[in-house]
Amino acid sequence: MHPRFQTAFAQLADNLQSALAPILADHHFPAMLTAEQVSTLKNTAGLDEDALAFALLPLAATCARTDLSHFNVGAIARGVSGNWYFGANMEFLGATMQQTVHAEQSAISHAWLRGEKGLAAVTVNYTPCGHCRQFMNELNSGLDLRIHLPGRAPHTLRDYLPDAFGPKDLEIKTLLMDEQDHGFTLTGDTLTQAAITAANKSHMPYSHSPSGVALECKDGRIFTGSYAENAAFNPTLPPLQGALNLLSLNGYDYADIQRAILAEKGDAALIQWDATAATLKALGCHNIDRVLLG
């Protein structure tokens, strides 16, 4: 078990601990539960879906990287597949505050990058900020997405974001978590191809500036992130943050990164290179390359 889980795990009910122990035994537990695992945990612990999600929130919150605020937020995105995806907030010392990943963004990006096709609900331990409410409005689940908070009745995103502005106001038909493939040819080595594949998945209907990042760890593991734009622009999630989020959720640290590649178009309206390189260097990674999509 990764050390970050130990304190929260010890506070769980005994029957839930017994069911979770084999799942968490892997130091690189992927911070997700399959539909089958969720069903087993519900039956073993005698909890319904909502109660189980609340019980697991402290585990998700331990995944936070909050070197600046020291305020851990955890979230669980529940996919329409039945799979559950942990998320937690991330802050990057030496970078800028704009590089921060919110817990809801973390869980949603986690689900999207693992191939989830849509979300039924998001469970979070603190009220979603306006930034996250707007981010969630880009999803193909729209305003019907259920939001679950401790001590409150569940509500839809529509309740939390009245008079919402979103992609439909801009006549955008393809939404975040809809399947997309922009068709860029895979070239280069394995890491380069992973970055291009991530760029092919980009949700960028506003700038038409695809980008993807691939991070290679010292043990050979590769994590990728795809660019996810938002109708309100500022809640957009850069590809590096998606990749760093997956890396951290899987129990790796920034020091484990040995190489990074950004894939983007050289003539795009928006360029990720400077911000990507600056953030990676702040985290100690200097082996950074760029491949141009064509």
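We count from 1, first residue shown onward.
Just so you know, glycine gets a Cβ as well, placed from its N, Cα and C.
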Checking Swiss-Prot, the member of His70, His102, His182 that binds Zn(2+) with Cys129, Cys132 is His102
Same-chain shell around Zn(2+) excluding His102, Cys129, Cys132, C-beta within 8 angstroms of the CB centroid, reads Ala103, Glu104, Gln105, Pro128, Gly130, His131, Arg133, Phe135
Across Glu91, Glu104, listed as recorded positions, the smallest other-CB tally within 10 A is for Glu91
Per the 10 Å Cα distance test against Cys132 (Zn(2+) binding site), the recorded positions Asn89, Glu91, Glu104 reduce to Glu104
Around the recorded substrate site (Asn89, Met90, Glu91), other residues with Cβ within 8 Å of the Cβ centre, ordered by sequence, are Ala64, Arg65, Thr66, Leu68, Ser69, Ala88, Phe92, Thr100, Val101, His102, Ala103, Ser106
